[in-house]
Structure formats: structure tokens, C-alpha cells
Amino acid sequence: MGGKRRGAPGGTYDEDFTFVSPVVKYLLFIFNFIFWVISMVMVSIGVYARMMKQAETALACLSVDPAIMLLVVGILMFIITFCGCVGSLRENICLLQTFCISLTVIFLLQLVAGILGFVFADKARDKVTKIINKAITYYRDDIDLQNLIDFGQTEFACCGGVAYTDWSSNVYFNCSMQNPSRERCSVPFSCCVITKSKMVINTMCGQGMQTLEYSEAATYIYTNGCIDKLVNLIHSNMFLLGGIAMGLAIPQLVGILLSQILINQIKDQIELQRYNLKHRSDPWS
């Protein structure tokens, strides 16, 4: 390994010997640098999206704003990967330990959240229902949220949280007689059943759908809520979701493993430097 074994009688190390592997060091740096760039892109998109929103409506729906979620995840990823990048290049134990501990905590939180979500499925469903209902309330106030809801309803062929009548919680679609909106008792266009046979698409197909009975409304719109569709999708794709979860966990485990290996190598290198310094200052030992 470039020098005599430590602890041997009269043994010393070669001055050029190092425990720190360049492969581990730069592999960890490249690993973090890739995710660091991704985090900067996420933060940039989140900041741009927030700046494009009107101030009064932007503050009203922070908890369901996709831009805020993107910003929070991006900033958190930026800080963690920055510690990993600088820590690996500078061989800084403190930064590497911060990176390793952060990844470990995030991994454990994800694991606990997955287990609790599976064990307490009913409570998790209620929480998701509240989030979706709140998102419906701010549907017209946030263009990003509106696009996200429209995409979900179109892809899952659903309407509202539990049923299409959930759209009455939105001020524009509310069915009360005092509502002056032209969309009173309606649902968004993304709820509509669009058939390929129609040459001209009626974008007003959701008009007045909340006043119709379930069976009658089903002719024109999706009447089932998105929560049931989502639950059925999860149950029918458990193996696929498990594979995705493993795919997300593997980079975290690789980062934890590489950082821990590098930390141990740096500690061994520090001990080696102390050993050589001691024997240079005391040649008779």
C-alpha cells in the first residue's frame, strides 16, 4: 500500500502514501454535482413561477402552491449536495458528516412515512382529501395549481376529490343562488368526457353539471373522485411503485455509503499524518 504496515517495529510510511481514494472522492463529487445542478434548476423554476403570480393570490394558497413545493425541495437539495460537493473536494469531515447525516435522516423519514401511510391508510386518505379540497378552493387563484389539477383530472379520468360535487367548494363553481359567477354549479373542462368521434370539442361541457343527478352527469363528465382513482391505481401498481421507491432510495444509499467510506479514509489519513509527524520530530523512537 505504498509503505510499511503501521505498528511494525521501526516502520514508517512513504511520504506519498494516502488512504484517500481518488475514485471514491471524485465519484462522490460527481454524484453530488449532478444533483446540485438539478437543485439549482428546481429553485430557478420555483422562483420564476412565484414571481409570475399576483402578490395577493400568491400568499393565499402557499400550502398548496406547486412552486413553493419546488422551492422547498430545491433549496433543501441544494444545501445538502453543496455540503457533499465541497466536503468531498476539500476532504472536510464536518461537511461530509453533515451530508451523510442529512441523507440518512431523509431516508429514514421517507421509510417511516411509507410505513405509516400503509398502516394508517384511512388517516392518510383523510389528509389527502383535505389537501385536494383545499387545492380545489384555490383552483382559479393559481395558474400552476390549476394546470396541475387539470392534468390530474384528465389523466386519471376523475373529477373533484371524492365526487364531482366537490367543486362547489370553489367560489366560482359554488351552487349557491347568491353566486354571480357564470360558472355557477359547473365543473372544469378537464372533468369532461371527450370522445374522439366528436369533430368539435365543447369547452363548456361542464356547465351546470352539479345540478344533474349522478347517472345523468356521467354522460358528460367524469363523476368519480380522484382520490378513489388514485387509491385504485396504487393498489393495482404496488410492484411498480415499490420499484420507483427503490429507485429513489438507491441514490441516497449510494451517497451515504460513499460519504462514510471517504470519512473513514480521511480519518485514517489524519492518523497517518500524526504518526509521520511524531516520528520525524523524534527520530530515536
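Glycine is treated like the rest: Cβ placed from N, Cα and C.
Listed features, source TrEMBL:
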TRANSMEM  26-48  transmembrane segment
TRANSMEM  68-89  transmembrane segment
TRANSMEM  95-121  transmembrane segment
DISULFID  Cys158-Cys191  disulfide bond
DISULFID  Cys159-Cys175  disulfide bond
TRANSMEM  239-263  transmembrane segment
Other parts of the chain folded back onto the transmembrane segment (68-89), taken as Cβ under 8 Å at six or more residues beyond its ends: 25-26, 28-29, 31-33, 35-36, 38-43, 45-47, 49-50, 62, 95-96, 98-99, 102-103, 106, 255, 259, 262
Which of Cys158, Cys175, Cys191, all disulfide-bonded residues, has a Cβ with the fewest other Cβ atoms inside 10 Å: Cys175
Rounded inter-Cα distance in Å - Cys159 (disulfide bond), Cys191 (disulfide bond): 5
